[in-house]
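What Swiss-Prot records for 482-879 is domain 'G-alpha', and it gives sequence analysis as the kind of evidence. Annotation source Swiss-Prot lists region 'G1 motif' at 485-498. Per Swiss-Prot, the feature region 'G3 motif' maps to 702-711; the stated evidence is sequence analysis. Here Swiss-Prot flags 770-777 as region 'G4 motif', drawing on sequence analysis. The feature motif 'Nuclear localization signal' is assigned by Swiss-Prot to 205-222, with sequence analysis given as support.
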Amino acid sequence: MPLKEDDCCLFAEEYDGPPLSYNIPCAVPINVEKIPVAAVVSPVCISDNMSFPVIQPILSVESKKFLIDSVSPTSVIANCGSNQLELVSDSITVSPTSVIEHTEEEEEEEGGDGEDCELSSSGELLLRSCSVKESLDLNESSSNPLVPDWESNESVLSMDYPSSRVTGDCVSETNGDGKKQPVVTFLGIASDDGFEEEESCSNLRRVRVVPVKKQPQTKGKKGSCYRCFKGSRFTEKEVCLVCDAKYCNSCVLRAMGSMPEGRKCVTCIGFPIDESKRGSLGKCSRMLKRLLNDLEVKQIMKTERFCEANQLPAEYVYVNGQPLYPEELVTLQTCSNPPKKLKPGDYWYDKVSGLWGKEGEKPYQIISPHLNVGGPISPEASNGNTQVFINGREITKVELRMLQLAGVQCAGNPHFWVNEDGSYQEEGQKNTKGYIWGKAGTKLLCAVLSLPVPSKSTANASGEQLYSANSRSILDHLEHRTLQKILLVGNSGSGTSTIFKQAKILYKDVPFLEDERENIKVIIQTNVYGYLGMLLEGRERFEEEALALRNTKQCVLENIPADEGDAKSNDKTVTMYSIGPRLKAFSDWLLKTMAAGNLGVIFPAASREYAPLVEELWRDAAIQATYKRRSELGLLPSVASYFLERAIDVLTPDYEPSDLDILYAEGVTSSSGLACLDFSFPQTASEENLDPSDHHDSLLRYQLIRVPSRGLGENCKWIDMFEDVGMVVFVVSMSDYDQVSEDGTNKMLLTKKLFESIITHPIFENMDFLLILNKYDLLEEKVERVPLARCEWFQDFNPVVSRHRGSNNGNPTLGQLAFHFMAVKFKRFYSSLTGKKLFVSSSKSLDPNSVDSSLKLAMEILKWSEERTNICMSEYSMYSTEPSSFSN
């Protein structure tokens, strides 16, 4: 209708024409109460040069299809077509100093992560938006801004709004797709120094971390081994704790190596374990018990339980809606009463009473109170609906039932304040009304209702933090996680066993326990009977040689045939190596027992019975004559003379081996298995006077691992287990240069071959090597009699020796020259194969000072290697990462 000047109203007429090809604009009524407004800034705070930042609206994807003009916030015209424009949520605040938060419900529904953006107009603004599937690209939206009509808001802006934040009531309203509108957060104008910006960024919520299972690198048919692809589902296998790979009996040691973090593949070392297998940590399988000895199994299981990589990741545990930091998890696990069977998940924790439970469930344990972990407890933490609160948490019906039966007055929906000792009072009052768990009947009631009661450790903690045995073990393991491992290897007879025992005596307060000494006593006494048997075998040989020599001389002197001479000399069969009938019978019986392999079964149990015969045998002149020629008995070891000279005392029932006896004893350490020793070097007098901060080196822990030579042979079955050792100590017996093995090969050449196989193995490529040339005292004695050129590798040893040799006049001895020659030989051989430097030390394994010096040299090498790595890292961080910044 045409508008007349005197009309005060407008009327619309009904359209009855042809159908329209476009959408008809609709008039949307305005709810004035829901129009977002902002308070007028005080004129005092406004300067002439100050301009306000402009909020750029974020539109949906559908709205990008239309070209939209600037629309006033109070406009009533909206497009009501199929692609309807959706206004930003009514809860948006347009004040430059306000904060518009994106609620947790919207984030969880959209499933997006927060993204920080920065807008700058005249002042700096921090914009945090939620990246949802249907959000508009920020760059595109900023290029087509929708500038709001600020003039149309003048009618509603007033000084009647004292607050700078006005929020509508439609936060939970959804859009046409049933999804909530994304809300933008403005964190205000940053200060000049940027402090507010940094503080706001640091307060952003942490992203929830979801455990992701690592997949195995290879996988065969179902039920087969993941390495050799053999076997079936019925074949016994060992399972990796990380990727679930399964290995058979033949492949488990090669696939898992030395297991520095337990039963993990070598490629899985450093990864967290599968949480479904946490219950099997430290529980050894039958397969490992068959493959390894008890000491190795115990060490692997201990490492598996307490190593840092296998501990529960802190970010997987949520307490009162917040993920834990590593320090908080350690605090939680090391308290006097920690949560039992802690697994990844959401938990609630009442810090006042110590009540602990899973999110949305009733409490199942009372842990130590007042722990600074997680956030504040939520009223809906246990999903209660009783209108009764304990320390700000609405309790469940089961808890309410327990309180009512315990005599607590719960009428009127009270709010209780409960302490760790069970005392309770209403909020706002000081009078204690009673103790919830004070009666024995209440504890029985809690047991029936499956509710927790305070433990004795919680009641007696008195604010002091105590440590459980398991938590203490975790801390101890984390404290010593920098354990330096030293691998001790050498050929058979090189002296690795003696060095290992010497280290045990030097660095352990109690090197051998009582039962160990009793077992060593049996070994020593059995060895002495074996040495006597070797002497008796040599006596028979010497006796036969003496008789043959006598007959030959007699036949030559009398000029008669040898056969007739033997017949005439039957009565003259007594030589200096002959023994009486009684000792002869004992000798024959002992040799038969040795040949049958029953020496360890009969002796030393029968020592008391045969002690008189042994004493008589040792004092016999024939045995003494044989003992003087002991160097001609190839099977008799050099340490035999130490025990044979004390045979009468050693074979007594009340014999107790000394530390020196144990050092000389053979067979004390296993020749077929690993032997480990954890130790630390004691502080010297000079170190005790140093500053306490300089004691770090002496307090470091080391692990000496002795490996048998047969395990490092051609197949090298043990080498793959030692990829985490710090260095390798290779021991060489210098007195073996003239010895030969059973197949006739020189022992020094066999040692060289073993040394080559180890230094060229890829496992030891980046490790330092210390060569200990052992038995220096035996070398000095032997080299005077047997030339070093007896070994074909040392045929070029031609020293210039002075007539007046000796250490007194400053000239090196022949033994010193031989040692230096061997050291140079091994150094050149090592350098030719690896291109690196070999550290060399001489040693007398029976001398404690000599062994101590060699092992301390190993410590210094490890220390220097660590410092060298730190220096390289510091240089790397100081200079640019460009290739031109480095020089070769």
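Glycine is no exception: its Cβ is also placed from the backbone N, Cα and C atoms.
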**Within-chain partners of the region 'G4 motif' (770-777) [C-beta distance under 8 Å, separation at least 6 from its ends]** = 490, 494-495, 499, 727-735, 815, 819, 822-823, 826, 830, 838-847, 850, 854, 857-858, 861
**Prompt:** Can you give the mean pLDDT for the region 'G4 motif' (770-777), rounded to a whole number?
**Reply:** 94
**Item:** Same-chain residues at least 6 beyond the ends of the region 'G3 motif' (702-711) whose Cβ lies under 8 Å from its Cβ atoms
**Value:** 483-492, 494, 496-497, 500, 503, 669-681, 717-718, 722, 725, 754, 855, 859
**Complete:** Counting only residues at least 6 beyond its ends, the same-chain positions whose CB falls under 8 A of a CB in the region 'G1 motif' (485-498) are 663, 666, 668-669, 671, 702-707, 709-710, 712, 722, 724-733, 736, 747, 750-751, 754, 758, 774-775, 843, 845-846, 855, 858, 862
